[in-house]
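Record features (TrEMBL):
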type: COMPBIAS; residues: 1-10; note: compositional bias 'Polar residues'
type: REGION; residues: 1-24; note: region 'Disordered'
type: DOMAIN; residues: 160-239; note: domain 'RRM'
type: DOMAIN; residues: 241-324; note: domain 'RRM'
type: DOMAIN; residues: 337-407; note: domain 'RRM'
type: REGION; residues: 507-526; note: region 'Disordered'
Amino acid sequence: MSDDQAPSTENGGGGDVETVEKSEDHKKLVDFGLDTTVADELEKLFQAKLVTYDDLDPRALEAIRDFPIECAIAVLKQLLADSNLQHVNNKSAYICGVMKTYRQKQSLGEDKPAVTNGPDEKKLKEILDRTGYALEITTGQRKYGGPPPSWDGGPPGNGHECFVGRIPKTVYEDDLIPVFEKFGTIWDLRLMMNPMQGCNRGYAFVTFTTAEAAREAAKQLNNYEIKPNKKLQVNVSIANVRLFVGNIPKNKSREDILEEFKKLTEGLREVIVYAFPDDPKKKNRGFAFLEYDTHKSASGAKRKLASGRIRVWGSEIIVDWADPQDEPDEETMAKVKVLYVRNLRSNVTEEELKKIFEPFGEIERVKKVKDYGFVHYKERDSTLSALEAMNGYKLHEVEINVTLAKPANENKARERRMRRERDNNMNMGYDDYYSSYPPASFGPPPPMMRGRIARGGMRGRGGMMRPPAPMDYYDDYSGYGQGYGYDDYSSYGGCYEDFSAEYSPHPVTPQPPHRGRGRGGHHAPAPVAWTSNAAAAWPPWYAQRSGGYGTAWRGQSWHQ
């Protein structure tokens, strides 16, 4: 027997002596610089057909070589004993992830790799054989599908994904797939894993090929008992695919911005800008929203654009996430009798709006707010006729944009009413509030800090305190605003609420425009109308993505 094929012995602390048959791959490992005992453990993985030598790229071999010998042996032994690597596509990355987790556990005083309690492999195999889907496992997640077999086209858009929370730690795809596939074709299911504990993180995302399936799954499965006394939390999740970009030259049109950012990023689908109706020379307001085909594309674009290495038209740009929008369902929108009219010049009056929209049917009321407005029709047919005829109509030589307005979420409407009542009871005037604010200044956003409270203060981003919403407007328009961070409305536009109108007993002087980005406090982001290209709200946390991450503190109001 040659030296390369001679068996080696290993004494695990005085226990049984174990013999390992050496292969040519064993010699390659040793030649690469791995300790013989570590090479022996890898040889066992080779012989068990869990890993092959070709699965290990140079970076993985370097990581194993440079890992402390005792730690490397412990990790490889654990992989041999407890892991099923059949569905791990990138085994090099997986092993490196396991080593990273082991080192993190060591720093916390734990020296054993996490023991993974997986699914029922027989049941899972039956599901995979029946559906033809692939299962891909990494240290951070287990992904089923994406795309499904014979899928033609890109990934589904917004509104197709469900967030699934409160998943028991012992539940895997073999339990989840049969439950969710009843409501439609699953595009993918991603179960988030905790490598430190070797179990799931308690939540997952299920994407369907249709939005209807996602809505029905959320409706039927919220509070579904997946195990005795263990109920799931399920709701439709809005994946964030929009970025806010600031410091855009105001002479650049939407087409200019789209062309420039398509050169710099991948997956850009749409650009949303807001112009100055009173000044046609200014083609945007110094910012834009970039809409991508997937969250992955948007995330990659954000990393690239925020790296500091890219200048756009000679300037550094400000990049952040935009808030995902809660989109009303088709049933709700089918009842809307209100039009959202944008891009109105300042000299346009409510009377003039009523006059040009009245030929299409009886109007109950009209409300103009700055450079946009709302037209309430009595009949749905009148609304649709006006929508078709008036979108793109030139009013005072400016083309207006007309879409269906979005009914506001009742919970958020209730929150705004409660906030107003609270603020009005504070006995504090505008002057008292404004005198406590430092002046806004130029410059980029302040450094990121944990928690929403840290996002207020200087640079026009809104303060900790929130001035009471101005009461000289209808309550049912408190959810609108088109200001660039300085609008006087409590939320953002394209939505309307139907509750009683009130007026302020005293005249209110609006706060002067902030310079900078002004995303927090009482300032409203750009308005949003009911279109697939609607601009999102200002960019706070991805954790507020309607994905079941709980509530987030913003100014002095809770957003759920």
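A Cβ is built for glycine as well, from the same backbone N, Cα and C atoms used for every other residue.
Mapped onto DSSP helix, strand and coil, the domain 'RRM' (337-407) counts 22 helix, 28 strand, 21 coil. Secondary structure by DSSP for the domain 'RRM' (160-239): 22 helix, 34 strand, 24 coil. Residue counts for the domain 'RRM' (241-324) under DSSP (helix as H, G, I; strand as E, B; rest coil) come to 22 helix, 25 strand, 37 coil.
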